[in-house]
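> Sending over a structure as structure tokens; questions will come in a sec.
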Amino acid sequence: MSQTAYRTHHATEVTEALVGQKVTLAGWVDRRRDHGGVAFIDLRDSTGLVQVVIYDEDMARPLRSEFVIQITGEVRLRPDGNENTHLATGKIEVVAETIEILAKSDALPFQVSTALENESENKLPGEDVRLKYRYLDLRRPSMQYNLKLRSDMAKAARHALEDMDFTEVETPTFIKSTPEGARDFVVPARLVPGSWYALPQSPQLLKQLLMVSGVERYYQLARCYRDEDFRADRQPEFTQLDMEMAYVDQEDVMAMTEKVIAAIWKSAGYEVQLPLPRITWKDAMDKYGSDKPDLRFGNPLVELTEYFKNTPFRVFQAPYVGAVVFKGGAATPRRQFDAWQDWARQRGAKGLAYVVFGENGELKGPVAKNLSDEERNGLREAVGAEEGDAVFFAAGSRESAQLLLGAVRVELASREGLLDPKKFAFTWVVDFPLFKPTDDPDDDDVAVGHSKWTSMHHPFTMPSKDWIDKFDKDPEHAMSDSYDIVCNGEEMGGGSVRIHRDDIQARVLDVLGITKEEADEKFGFLLEAFKYGAPPHAGLALGWDRTVSILAGADSIRDVIAFPKAGGGRDPLTGAPAPISDEQRAETGVDYDPDADEN
């Protein structure tokens, strides 16, 4: 790093090679220790720590934690036995000759010292306090690491894409409101009273227009905005690595994305084996109860619908019956099984049926007595359990029961310590349905259109080749050319082949119940562009915050965003959202009443 007006070196640049030389350093007082008239200070900057020794008591006396100081001194080796192998600078120290206090610090609301970062007694405050004082929270080494990692990942992605002849293009932030599956954030247009801009949920339509424009390979780190109900690990504003290509198919986009992912992970010291595995959406749901399966561990779901087809147990007289094995679960106390019932009810289920295989294969549990002798005798083999295991069941509609069992599978793995954050299990999920029922959207998705069907991904997704001629005749079974990239049970990103023909787009919109007039009003500019020669195109977007959090091993995406929002979109740091003044309301026209003009 280059020399500046305040320093000759950063902390971790002070090595044994500089012994006997003078250096000037600048940073925060991380920690101070006094030993018999000699003060030791750990000086912290963005690179790490270096130990400073102060023999002058008058020089050391005013220094406190988080004071910003500049020191000049001579580098020397630490005395034998005083080396710190945990520090990059652990073999040397700097003997201070002069110290200047550049800024003082009040007592901190919580400690940010590197020395306390990994100590159990260093209890961080609640997240609202951390976010209110985010500038202090970001001083912690783990947060500095996350921000640097995010930057390095972006650099690696850019290099990989530019090596593949992609062009970075910035798209507008003020656009027209278009249906994309969530609510828009809107901004009043002061110069056009009564009219509003929308902040983009994604650059979807704009990047398709770039394909029509002749930009054959586009990317950007795009800011996106979605006005969603609060969910634990979502943000109202987020970043995605957006990529689109012309004259390509699904295989081309997947191959390109794999190269980008490999480059990103390599920047952090990991090798990703290519090509990545694939699983169909149906197999993912059947085997793992999730369209974003965590493949760091096994224990797939077992379908028992056929096994229980003649069961006397009414609960299992359902369209779908499935199970997941709880290894060693027979030793679980009854109260813990009761807690599992509460866990299931919190997820909207009525409960969680179970049996245990005791000694000598004896079947126990509340479900056991309801099964026939034949069902009891063959159950252990049917589910692949062993003596000492337990088995959880779910019955009902296929999707709801599989989702519950999939959640059980992951919860079991979590409790068994199988979710290693440094193990990365990638997979593509392919062959998604084109549509899903409007009354069954994921979480708080807003259904696009006015029919019984809405888009599984978005309304601009191309039907698969086998379905192009008939998707509107059988929407329930129609399949799409779409694909998601999943890692460790998290959806990192998703993409699809896009519709580039106005006749196919019109048929998809018709299935969604979007009239021609509404389509022209919402996104007629895209349909108009298709009339002038739109090349086949496809793309994918990686959720950047999620991708960084996976590689960082962070508990939340908020830990890899510099200034995230808290629950409900609140910003404890700045106080946003906040009321605006009456003058601002009048200027922006948020209360504009067109009828008032007529009067």
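Glycine too: its Cβ is placed from the backbone N, Cα and C atoms.
These came from Swiss-Prot, pasted as-is:
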type: SITE; residues: H35; note: site 'Important for tRNA non-discrimination'
type: SITE; residues: G81; note: site 'Important for tRNA non-discrimination'
type: BINDING; residues: E180, R226, H457, R498; note: L-aspartate binding site
type: REGION; residues: 204-207; note: region 'Aspartate'
type: BINDING; residues: R226, D227, E228, Q235, E491, G543, W544, D545, R546; note: ATP binding site
type: REGION; residues: 565-599; note: region 'Disordered'
type: COMPBIAS; residues: 590-599; note: compositional bias 'Acidic residues'
> Between H457 (L-aspartate binding site) and E491 (ATP binding site), find the distance joining the two CA atoms and give it rounded to the nearest Å.
13
> Take the region 'Aspartate' (204-207) and find every residue of the same chain, 6 or more past its ends, with a Cβ under 8 Å from one of its Cβ atoms.
171-172, 175, 178, 180, 218, 242, 244, 458, 460, 523, 525-526, 539
> Who are the chain neighbours of the region 'Disordered' (565-599) in space, where the CB to CB distance is under 8 Å and they lie at least 6 residues beyond its ends?
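Cβ under 8 Å, 6 or more out: 127-129, 131-135, 188-190, 193-194, 230, 235-237.
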> Using DSSP, break the region 'Aspartate' (204-207) down into helix, strand and coil residues and give each count.
4 helix, 0 strand, 0 coil
> Sort the recorded positions H35, G81, E180, R226, R498 by C-alpha distance from R546 (ATP binding site) and give me just the closest.
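Its closest listed neighbour, by Cα, is R226.
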> To see if you understand the setup: which same-chain residues, six or more apart in sequence, place their Cβ under 8 Å from that of E180 (L-aspartate binding site)?
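Expected: Q201, S202, Q204, V448, H458.
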> Select the most exposed residue of H35, R226, H457, R498, R546, where exposure means the fewest other Cβ atoms within 10 Å, treating these as the recorded positions.
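Among the recorded positions H35, R226, H457, R498, R546, the lowest count of other Cβ atoms within 10 Å belongs to H35.
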> Could you measure the widest C-alpha to C-alpha distance across E180, R226, H457, R498, the residues recorded as binding L-aspartate, and give it to a whole number of angstrom?
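Among the residues the record ties to L-aspartate, max Cα distance equals 22 Å.
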> Tally of helix, strand and coil residues over the region 'Disordered' (565-599) according to DSSP?
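For the region 'Disordered' (565-599), the helix, strand and coil counts are 15 helix, 2 strand, 18 coil.
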> Measure the Cβ-based neighbour count of G81 (site 'Important for tRNA non-discrimination'), defined as the other Cβ atoms within 10 Å of its Cβ.
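There are 5 such Cβ atoms around G81 (site 'Important for tRNA non-discrimination').
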> So what sits near E491 (ATP binding site) in its own chain, CB-to-CB under 8 Å and at least six residues off in sequence?
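Spatial neighbours, sequence-distant, of E491 (ATP binding site): D291, K292, D484, I485, G543, R546.
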> Filter the recorded positions H35, G81, R498 down to the ones within 10 angstroms of E228 (ATP binding site), Cα to Cα, kept in sequence order.
none
